[in-house]
Every structure is written in C-alpha cells, then in structure tokens.
2 protein chains.
Amino acid sequence: MISIVILGAGNVATHLYKAFSNTESTSVIQWFNRSLDVITPYKNKVDITDNLNTLKKADVYILAVSDDVIAELSSQLPFENRLVVHTSGSVSVYDIDKKHKRGVLYPLQTFSKNSKIDFANVPICIETIDKKSYPLLKELTTSIGSPTKRINSDQRRVLHVAAVFVNNFTNQLYRIGHEITESEGAEFDLLKPLILETSKKILELSPFKAQTGPAKRNDKKTIKKHLKTLESKHHKDIYNLLTASIQHTHGRKKL
Amino acid sequence: MISIVILGAGNVATHLYKAFSNTESTSVIQWFNRSLDVITPYKNKVDITDNLNTLKKADVYILAVSDDVIAELSSQLPFENRLVVHTSGSVSVYDIDKKHKRGVLYPLQTFSKNSKIDFANVPICIETIDKKSYPLLKELTTSIGSPTKRINSDQRRVLHVAAVFVNNFTNQLYRIGHEITESEGAEFDLLKPLILETSKKILELSPFKAQTGPAKRNDKKTIKKHLKTLESKHHKDIYNLLTASIQHTHGRKKL
C-alpha cells in the first residue's frame, strides 16, 4: 500500500484525492491546505491539516498547488530525502527543494471542478531525477487507471505548450465560431456535431491527412468570400494567419 | 415516395445517395455524373447516366457538385420549373438558374470518403426561395435522420465561415501541436484525450465559460516560458494572436 499526502485543494488536487482514495493499492493518509475551509467537508474521510509541522510520514507527497508556490512550499516541508512531486506542466522538477527526492506527475487533461473524471482518459507524464523513484510513481498512476508515459523535462515543456494550442486556442476558435454565427442569429449549436467529428477524426488520421477546406484546396474564391463576410478585423487576422499556416503545411505557401 | 435525382459523385453526393437509398419515403431514381467510371459500381442498384438529356422526371434534383460548376450545370438542365437544390455552404441560392424552383440543402459536417456517416450527426440547413418547396425538403432530410434547420442566406454564409474556424483551423492547431511535440520526440498521442475532452466540453458549457489556461488567467510568466519554448516564428505568431484573442474575449486586453 503506497501512502500519499496531498498538498493543495484546487481542481487537480481534489480529483487526485478522490481517485487515490478509491484504489486498493494506494491510501491518502493526509490532506494539507493553507486554508482548511475548502477541505473541511472531507474531514471524516481523511486527516486534514493546515500546519506543515504536523505532516505525517508518507511514501510520496504530491504538491498540487499553483506554479508560483511550488518552490517555496517544497522548501518549507519539515523533512528531507522523501519523494516530493509536483503536478505542473511548466515548472521545472529542479524547482522542488533539493533536500527531497524529486519528481513530476503531469496529468495531460483539462479538469473542471464539478465534472467527474475518468482517469483512463488522463495520460500522466512521469518525470523523476533518480531512477529509483520511477517504479513507485508508475505504480501510483497505474492504480487509478491512467495511461502513463515517462518523459524528460524538454518533452514536458513542449507537451505543455502543445496542450495550449489544442485546448485553449481550439476553444477560442469555438468562441469565435460562436461570435460569427450569433451575429446573424444563426445557432452555434448547429456546429457542435462538426466540432465533435473534427476531434474524433484525429483518432484515426494524422492532422495532416485530416485537413480539408478552402485553405488546403487553395480555393481563392471561397477565401475571398469568407474575408468579405467577416466584419471584425480581429477575426480577419486570425483567418488570414491560419489560412497561411494551412497553406504552408500543405506546400502552397512559404512563410 | 419522394423521387430524387443526384448529380455529382464526390463525398457528399455518394453519402447522400447511400442515405436516400436506405429510407422508405425516398427513392433515388437516377444518378448523373460527367464521368461514368466513378458511379459504374452502382449500376445494378440505380439508373446511372452521363447524359443530361436522359434525366428522368423527379421531385427534386440534388446538385452535389463543386461550387464552381453549380451555375452552369443548373442552366444546362433540359427542363424548367422543377425543384433543383445545391449542397454548398458558400454558393448563393440565386446561382441556380432562375428557370428552376431553387433551394439549398447544406449539410454542416465534414465528410470522409470511406468512413460511414450517421446522418443523425449531420445537421442539414435548408434554404428555399418559394415557401412551397420547404415542406418537401424538410421531409427529405428528416427521412435520413438529420436534424434540420431552416436558415436564410446570411446565416448560411456565416455558418460556412464559422465551420472553417471550428473545423479546418482547429485541425491546423492539432497539426501544430503535432509539430511541437514531435520536435522533442514527445508523443502527439498523449494529447488525444485532451483534444476529445476539449470538444466534448462545449456540449455542456459555452466556449466562453469553458476557457482555461495562461491567456485567460493573464499568467505572464507561463506565456513568456511558452514563447521561449516555441522555435518557429510562425508558431510564435499564432501563439501571440490567439493569446491576445482570449485576453480580449475575457476582458484583459483591447485589440
């Protein structure tokens, strides 16, 4: 049985707490947060604390806190030579105080507060400095059903940027689709099946092979019509840049 | 029983042929294409022809052909005052020769050649000039299980542009995610669950509410790290423009 202390109470911390509490091979023995309010509802299920000096001895301490406080919090932990990991995509593993054994569990998924998470859909990227810590972290993440992948710092860095493109930026394109359709009283809902299909397509085809549309076909007439339809300069700028990007990828244009 | 003649043999034409052949309330009585080769495999199931002068009398003629040839083909049809529709998102209904009753059946979905299409996931936008043609087109599209929506030309125009944003441009963001991850030997596959979740999220939340990430949080430190990670100027340009777009939407920045 792997014993775990979770530090932090945001979305990732809460989802990890729930997941690790439900396995047979792991046990969350304590939950720390600066403010007890948020975790008080769990006090009958797990030992809660807001005092670092009362932290119990555990196999692994998971710092699921804001990027900005990882370094400081790790240096404040009143022990050394135990395994301490953070869950951030963009913070270096070396930001954790060097008195600890250090690692990262980076879950590559978007977490909403209230929706249930199936960890089978949450790949967890594992990074460790010493090789010995890896098998324990692998066992930990496998226990909640996550696909796992050992990666290095450079790979985590690019995965985090790529996640912004496929998640935040994609969602902004949905937002713009919403703005454009509503401007004429058309329903954004009509686009939802297309949005789902576009994402499902890349399960079978590479994004390169999946591409269609006027930019790829170099259909200048339709591109011109679209630019005429768009009223906002801002929408036009995005249209032009992504059209050029597609044409570059498919050999129509040099950037 | 509504009788249909299909003209054209691309993805949309082929999927529509298969769908309309499988209902009890519609019958494809003829399939026309300039070149017989492509439709010859269907010759035992439907009357095929490459000669416009042999077209049979039908309730509706569906021109599922390239945008560029809709006007010409419609004027070449050797009859008048019958219902003729095209399936394009960007061509005016008035491009169809005015000797016909005119309409549009615009399926808002991406069609791949070989994959099966469930028309329950293909909203069809209906546009007609004369009101009398609408009920027949409504019955036609409902027969294959498509959600239908009556729209006007302006709405079709904005839906078509919005479709480019949520489909072609989104797919290009996947492509860039692929380029960025592969540059460090990280696996693009790790991003697939995130891609699926991002699209599913908007079934329940508006894109405005679903937004997360460094741009929305105005997390300058992470944005700076990301820009440093990106090697290509082109990727940086897209990162900057879409970050500004998110910040504009969420009140952090004027454009």
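Cβ from N, Cα, C; glycine included.
Owing to the predicted nature of the structure, the values given are computational and were not obtained by experimental measurement.
What TrEMBL lists as domain 'Pyrroline-5-carboxylate reductase catalytic N-terminal' is B:4-86. Feature annotation from TrEMBL assigns domain 'DUF2520' to B:122-245.
Within the model, the domain 'Pyrroline-5-carboxylate reductase catalytic N-terminal' (B:4-86) carries an average pLDDT of 97. Residue counts for the domain 'DUF2520' (B:122-245) by DSSP state, with H, G and I taken as helix and E and B as strand, are 86 helix, 8 strand, 30 coil. Taking H, G and I as helix, E and B as strand and the rest as coil, DSSP gives the domain 'Pyrroline-5-carboxylate reductase catalytic N-terminal' (B:4-86) the counts 30 helix, 21 strand, 32 coil.
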